[in-house]
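*Asks:* Straight from TrEMBL, here's the annotation block:
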{"type": "BINDING", "residues": "Cys113, His115, Glu149, His175, His376", "note": "Mn(2+) binding site"}
{"type": "DOMAIN", "residues": "198-291", "note": "domain 'Peptidase M20 dimerisation'"}
Amino acid sequence: MSIKKFSNSLKSAEIVEQTVGIYEEAVRLRRKIHENPELGFEEHKTAEMIANHLQDLGIEVITGVAKTGVIGILRGEKEGPVLALRADIDALPIQEKTDVSYKSKNPGIMHACGHDMHTAMLLSAANILSQNKQHISGTIKFIFQPAEEMKGGGIMMVDEGVLSNPTVDHAFAFHVWPELPTGVYGFRNGPMMASMDTFDIVLKGKQGHGAAPHQGVDAIVGAAHVVTALQTIVSRETDPVDSVVITIGTIEAGDGYNIIPEKASFKGTVRTLNENTRKEVAESIRRIIEGVASALKLEVEINYNFTVGYPVAMNDPTFNEHACAIATDLFGEGSVQWLSRPSMASEDFAFYLEKVPGTFVFLGVGENPENPMKLHSDVFLPDEKAMIQGISLIVGLAINTTEKIQ
Ligand SMILES: [Zn+2]
Ligand SMILES: [Zn+2]
């Protein structure tokens, strides 16, 4: 890939210099957020801290979006597009087991997905950008979103109009990524993260004596057949090179050695990489459950929460390549990796990408990518030095997106 040079008035080297200048403050900010984690839709103190910080920078602030979300609006001195930059602010119900001095003070709650870093990076970028309004074309919308972890904060922000007034042209977000070396950006065109849907199933048979199966209808045997048959969607129905995951994460039935239970219930999740496959798999699940249940004389209740799941996070190639060119101009070609495979995990930034062309980028935080710690681990410790690359890219995007990228 050829290296594009940006002719904007704030050069990449100056962006990096200004980022290095506030790095220590970014670390302090991140550690303060890390020490005070809050769960989805309960991020009251975090939101207050963000709002105060933005206000101190002279940025227009809107609070209470999607309950605990905060939006900052910064208008550049030149005409141009509206760029949305999003960080998620929620923590997870995990008891922290690290020994760091800034360990979580809230029992059973931990920033184990790096959202503390996302928030600190966006606030730090807001700091730099607020001092460089003369270099900004258009408007920057800083979005601090609550409840990314399974609670749908993203869709709520979008439904409450975060992408309008002023209308957003492009959206950008990061996720810290332990499988990449510190400070390396992971880019991918098209699907970046999978869709995520969940389902609840109850199979109803007829209760009976364990020694007289012919007098009952065994819900456990039914559940066993259904669980096995569901995997044939992945192995026999969908295109083998179009990845699908179906996982049953919970199964409950029975309460004894010798009683045939009336009910078996289970819960599962589905991940896909395109919306057609997502719809087809939803239908296949229904057909298989109903078919197998009917064959085994069971009744079935299916609660397929298709609408509350997350769509595929689909990166717009044109905007993504624009972001990659900026990253390359900032830190050279060695700082960029093009990822051959998407992640089958999911992200509610997908709701923004459904509405406006944008990109979701991974930011390496693994000092040792050969042996990375995992996201959601109780000892998750991302390398803070990656914030230099993170903040610089956010600032670079804000400065160098001078017109709508088409
Ligand atoms: Zn997470
Ligand atoms: Zn996350």
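Just so you know, glycine gets a Cβ as well, placed from its N, Cα and C.
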*Asks:* Starting from the Mn(2+) site formed by Cys113, His115, Glu149, His175, His376, give every other residue of that chain whose CB sits within 8 Å of the mean position of their CB atoms, in sequence order.
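*Replies:* Here the nearby residues are Asp88, Asp90, Leu92, Ala112, Gly114, Glu148, Leu375.
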*Asks:* Of Cys113, His115, Glu149, which binding-site residues come close to ligand 1, meaning Cβ under 6 Å from one of its atoms?
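*Replies:* Only Cys113, Glu149 meet the Cβ criterion.
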*Asks:* Listed binding-site residues are Cys113, Glu149, His376; which sit with C-beta under 6 angstroms of ligand 2?
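*Replies:* Cβ under 6 Å from ligand 2: Cys113.
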*Asks:* Looking only at the domain 'Peptidase M20 dimerisation' (198-291), what is the mean pLDDT?
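*Replies:* For the domain 'Peptidase M20 dimerisation' (198-291), the model's average pLDDT rounds to 96.
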*Asks:* Which chain-mates of His115 (Mn(2+) binding site) that are at least 6 residues away have a CB under 8 A from its CB, listed by sequence?
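*Replies:* Listed in sequence order, they are Ala87, Asp88, Ile89, Asp90, Ala91, Glu148.
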*Asks:* Under a criterion of Cβ-Cβ distance under 8 Å and sequence separation of at least 6, what residues of the same chain contact Cys113 (Mn(2+) binding site)?
*Replies:* Ala91, Leu92, Glu148, Glu149, Leu375, His376, Phe380
*Asks:* If you draw a 10 Å sphere on the Cβ of Glu149 (Mn(2+) binding site), how many other Cβ atoms land inside?
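*Replies:* Summing over all protein chains shown, Glu149 (Mn(2+) binding site) has 19 other Cβ atoms within 10 Å.
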*Asks:* Relative to the Cβ of His175 (Mn(2+) binding site), which residues of the same chain, six or more apart in sequence, are found under 8 Å away?
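*Replies:* Looking at Cβ-Cβ distances below 8 Å from His175 (Mn(2+) binding site), excluding near sequence neighbours, one finds Gly114, His118, Glu347, Phe360, Val361, Phe362, Leu363.
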